[in-house]
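Asker: From Swiss-Prot, for reference:
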CARBOHYD  N102  N-linked glycosylation site
CARBOHYD  N144  N-linked glycosylation site
CARBOHYD  N290  N-linked glycosylation site
CARBOHYD  N327  N-linked glycosylation site
CARBOHYD  N353  N-linked glycosylation site
CARBOHYD  N373  N-linked glycosylation site
MOD_RES   S132  phosphoserine
MOD_RES   S394  phosphoserine
MOTIF     77-80  motif 'Nuclear localization signal'
MOTIF     441-445  motif 'Nuclear localization signal'
SIGNAL    1-21  signal peptide
Amino acid sequence: MKILLLCVALLLTWDNGMVLGEQEFSDNELQELSTQGSRYVNKEIQNAVQGVKHIKTLIEKTNAERKSLLNSLEEAKKKKEGALDDTRDSEMKLKAFPEVCNETMMALWEECKPCLKHTCMKFYARVCRSGSGLVGRQLEEFLNQSSPFYFWMNGDRIDSLLESDRQQSQVLDAMQDSFTRASGIIDTLFQDRFFTHEPQDIHHFSPMGFPHKRPHFLYPKSRLVRSLMPLSHYGPLSFHNMFQPFFDMIHQAQQAMDVQLHSPALQFPDVDFLKEGEDDPTVCKEIRHNSTGCLKMKGQCEKCQEILSVDCSTNNPAQANLRQELNDSLQVAERLTQQYNELLHSLQSKMLNTSSLLEQLNDQFTWVSQLANLTQGDDQYLRVSTVTTHSSDSEVPSRVTEVVVKLFDSDPITVVLPEEVSKDNPKFMDTVAEKALQEYRRKSRME
């Protein structure tokens, strides 16, 4: 009767899909799986070294692109400065002429000022918000002291151009200083033997090794260890300490980059000369500084626009020609200033890319030094404890395979594989080892 009840219980359990998997491999088979997994780990160790060198190549490529950008910036700077010189020359010539059409321009200016003030303060209250009262008084004083002739010859645009030129020079100097210091450190780092020699045979693997008459650290198992320290001294090696100068230099290079990337000197100027009147918060600073930002809103006031359209050629044709010459050179200077700013942004992007690569390099170096320390012994890198296939269960998906492994000095790591990764798949242990390495590295980063 008891036997019958037991059979019924087993059948019910089976029907409910609650039978857990059983160990399916012998000790010899587990050993073979361990050997296969360790081969994969050994290959990944060598890939880690190559990963460091790959990042080095990317940094060098970025550095070469930076140098090319600097050449382009130098050419663009010459063109921009030439256009600025032409603009200043035309401005000085125009200022030398007696002011004409004064009555017409002054009448329009008196109607332009209240509209300009109202438009600017409305913008400031909506976008900038703070300090409207003080800004309003400053603006009224600024407008009363300004001349419609300054307005007529686009003096505000010329002043904006000159200020942008000053800021752009400051930005370029800051980035140049940062990149020069970081590049010097990086060049010194990459001259080290680690980067200038090819690694040894990456396919070597000997899980059990040979009996040693001398201490095992004189016969390092990993080719990584042998390529990093081919003539090892007596005593355990600490690869983290060996790499410490590398870590220090990478940190110094990162600091050289990051300090400038977050420096106030790296605030790019607003060069959207053609987008006057838009809700640009950067105009707030200019308005608070000297009220000239309000002149960017002249396009919203009809009488202000009429000042720009005043034709004084009948009174003084030469002055009209000079004004046209000024406007032409001004447009060229604005276009070249915008192009120059785009190149500066590209250079900043290269700096950010290099900073990110330095962070990756530091992370990869940390991983390589950790692997080098872990692979000095004679034991297999990866040992498989159990391989179990589960049928359907309330907590475990149907037909998954669980592989419990010990990797290096870790606690047991459980790798769960879906049904499509069969135990008969030649890449079965590669997948197990890959997932185990990922988990091991994740836990190492958290410690």
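Backbone N, Cα and C atoms are what each Cβ position is placed from, and that goes for glycine too.
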Asker: Who are the chain neighbours of the motif 'Nuclear localization signal' (441-445) in space, where the CB to CB distance is under 8 Å and they lie at least 6 residues beyond its ends?
Answerer: 367, 370, 410
Asker: Between 0 and 100, where does the mean pLDDT of the motif 'Nuclear localization signal' (77-80) sit?
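Answerer: Mean per-residue confidence for the motif 'Nuclear localization signal' (77-80): 94 out of 100.
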Asker: Can you check which residue among the recorded positions N102, S132, N373 has the largest number of Cβ atoms within 10 Å of its own?
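Answerer: Within the set of recorded positions, the most crowded position is N373.
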Asker: Using Cβ-Cβ distances, find the residues under 8 Å from N353 (N-linked glycosylation site) that belong to the same chain and are at least 6 apart in sequence, listing them in sequence order.
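Answerer: Looking at Cβ-Cβ distances below 8 Å from N353 (N-linked glycosylation site), excluding near sequence neighbours, one finds T62.
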Asker: Starting from each candidate's C-beta and looking 10 angstroms out, tell me which of the glycosylation sites N144, N290 has the most other C-beta atoms.
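Answerer: Its Cβ has the most other Cβ atoms within 10 Å: N290.
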Asker: Could you tell me how many residues in the motif 'Nuclear localization signal' (77-80) are helical, how many are strand and how many are coil under DSSP?
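Answerer: For the motif 'Nuclear localization signal' (77-80), the helix, strand and coil counts are 4 helix, 0 strand, 0 coil.
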Asker: Inside 10 Å of the Cβ of N327 (N-linked glycosylation site), count up the other Cβ atoms and send me the figure.
Answerer: 16
Asker: Within 10 Å of N144 (N-linked glycosylation site) (Cα-Cα), which of the recorded positions N102, S132, N290, N327, N373?
Answerer: none
Asker: For N353 (N-linked glycosylation site), what is the secondary structure state per DSSP, taken as helix, strand or coil?
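Answerer: In the DSSP reduction, N353 (N-linked glycosylation site) maps to helix.
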